[in-house]
């Protein structure tokens with residue numbers, strides 16, 4: 001199934017929580033986070049929170065241990081592995097950050113299953129503090145989308161993925177997400193694509209307001225069990241459809257070669 005690209009959001013899609021909130025809450029910094037939240041963009045706030053936690057003596061190892069405890073539905077990992085085994089190209093598109101995502105994927109044994117992770121950059125500096133940067137430098141090069149947070153418009157990334165998909169001969173996208181930031185890329189999906197919004201989450205609610213704005217087929221899910229079932233059913237359905245098209249084209253070629261070619265004319269002696 002090399003013709004299918006599956007794009008996953010991360011927070012509340014692959015994992016069961018918001019990874020930023022999870023780390024802040026588990027390390028006891030919720031009150032400070034809530035106090036600062038009205039004063040700066042979320043992405044900038046997370047960088048500030050990593051500074052505050054570092055100044056309180058929290059280490060990278062403390063953060064890693066918290067990330068290893070991140071809740072995840074037991075059927076999500078098998079679903080990802082099964083989609084990969086079926087030949088799908090799996091990618092992540094998330095407004096979390098690279099350190100959190102890579103740490104969790106490594107702990108789950110999934111780091112080799114994704115060809116691409118699109119998210120906010122992060123790194124550990126020389127003092128051992130985690131630094132988190134915006135995917136899009138909104139002070140210098142704003143993305144200009146009013147629907148999305150200033151640091152990331154996911155539709156810009158989806159359009160790049162779509163361009164690379166057409167270049168590689170891949171045809172179909174399946175997009176899984178839950179949040180309001182997943183609505184903009186869902187609008188960019190085409191006929192023949194699929195969107196899987198998590199039911200009763202912001203993406204689902206936005207789609208329900210006017211489903212006709214979405215060109216892709218809509219398949220909602222509620223938990224990891226449904227995610228696995230619906231995702232694998234879609235992949236198998238696409239596979240059956242493409243096999244049928246291949247057989248149909250092959251039959252047409254055989255018919256043309258046997259019946260439709262012009263008869264040879266006798267050569268006049």
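For all residues, glycine too, the Cβ spot is worked out from N, Cα and C.
Sequence annotations record features per position, and here TrEMBL assigns Mg(2+) binding site to 9, 11, 178. Around residue 11 (Mg(2+) binding site), a 10 Å sphere centred on its CB holds 23 further CB atoms from the protein chains shown.
Sequence annotations record features per position, and here TrEMBL assigns active site, nucleophile to 9. Of all the Cβ atoms in the protein chains shown, 26 others lie within 10 Å of the Cβ of residue 9 (Mg(2+) binding site).
If you look up TrEMBL, you'll see 11 marked as active site, proton donor.
According to TrEMBL, the substrate binding site annotation covers 20, 95. Long-range Cβ neighbours of residue 20 (substrate binding site) (same chain, at least 6 residues apart, Cβ-Cβ under 8 Å): 11, 42, 46, 96, 97, 100.
Shown in sequence order, 10, 12, 13, 14, 94, 177, 179, 182, 198, 201 are the same-chain residues outside 9, 11, 178 whose Cβ sits within 8 Å of the Cβ centre of the Mg(2+) site. Taking the Cα atom of each, residue 178 (Mg(2+) binding site) and residue 95 (substrate binding site) are about 12 angstrom apart. Rounded to the nearest whole angstrom, the C-alpha distance between residue 95 (substrate binding site) and residue 9 (Mg(2+) binding site) is 8.
Counted within 10 Å of its Cβ, the other Cβ atoms near residue 95 (substrate binding site) come to 24, all protein chains included.
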